[in-house]
Amino acid sequence: MSLRSTLRYSRPRLGALVSRVRALVAGFALFFAAGAIGTAGAVAIDQPLEFENERQEEQYYRLVQKLRCTVCQSETIYESGAQLAADMRERVYEMTVNGRSEEEIISYMTRRYGDYVLYKPPFQLNTALLWVSPFLLLIIGGVTWLQVVRRRQSAETELTESERRALERFRRGDS
Amino acid sequence: MSKRSALLRFGLPLTLVLVLLGLFYVGLGTDTEELPSPLVGEPAPAFELPSLQEPQTTLTEADFTGEVALVNVWASWCRPCRQELPYLQEIAKRDVPVYGFNYRDSRQNARRFLEAFGNPYDKIAFDPEAEAGMDWGVYATPETYVLDAQGIIRHKHIGPINAKVLQEDLLPLIEKLKAEQQS
């Protein structure tokens, strides 16, 4: 499709424009409504929390930095602004102040969201390759490098008679 | 150059590149957003929530189990939920109860949504604070669970249902589970 015809097709008619504006307004309204609903029962980022003791506080902050936000894959729930992360922080907080242990909370989350919820994958059968591969690559690279170096060394020592004579000449400087 | 070293010099990089390309190809096809649910094979998690339409009625997991059924997580603010409604209706037509969790929504918006676009659901639990959502391992709407007659989660579909998912995944599984139930 040429640029001109693209432009023609994408030019909105007045009716379409009105409905688009209406959709936009409705979208904004929905967005704020969803925001209002969303704030209930969740822990916002940096929201001050009260703990009974220091041990619980440490456990909470340790856990939220260990758990992954499953909808925003490269963030922990500690740093994520997603609604789901806020829900998960809330659940971790509740369970922590109710005296549940770190292991209990982690197993609660993995039972529902899988190992994926752990920001640092555990070392087990299906993740073994992931953990071992850097070292494997290092070994493979090292062995290859050694072989290349060794071959080069052996190649250097084998000069033909004419090469040796040429080398002599270069050394004396009378080329 | 000897035959062996020529093979090494060109064959080795070529195989490596081909292996790498193969991995890339596989990587292209896998959807990294789609996560396997650890709940598949587990009984439907317990919950206790008011019904969307009748706030006085309390629904629990017992309301959703007992026969082969679908449990769909939806919200009025979720556009793909609207797109998958016809497919849910298609399933409801085949005598398979479709239950719903109304997720992070308001009653008013949810009811309006159903009035405007149709209601395929037998029962809907109202979950504005994602309480059951967390226990069911929900992370984004829409999500659909297939339960067998014993109330075990047998499949979880993440994202909207489309014609392909309906024909290739859901309907064959429902047929299979119904056959299991009868035998």
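Numbering starts at 1 and runs along the chain as displayed.
Even glycines carry a Cβ here, placed using N, Cα and C.
If you look up TrEMBL, you'll see A:21-45 (among others) marked as transmembrane segment.
The feature domain 'CcmH/CycL/Ccl2/NrfF N-terminal' is assigned by TrEMBL to A:37-169.
Feature annotation from TrEMBL assigns transmembrane segment to A:128-146 (among others). Using a Cβ-Cβ cut-off under 8 Å and counting only residues 6 or more beyond its ends in the same chain, the transmembrane segment (A:128-146) has close neighbours at 121.
Residue counts for the domain 'CcmH/CycL/Ccl2/NrfF N-terminal' (A:37-169) under DSSP (helix as H, G, I; strand as E, B; rest coil) come to 85 helix, 4 strand, 44 coil.
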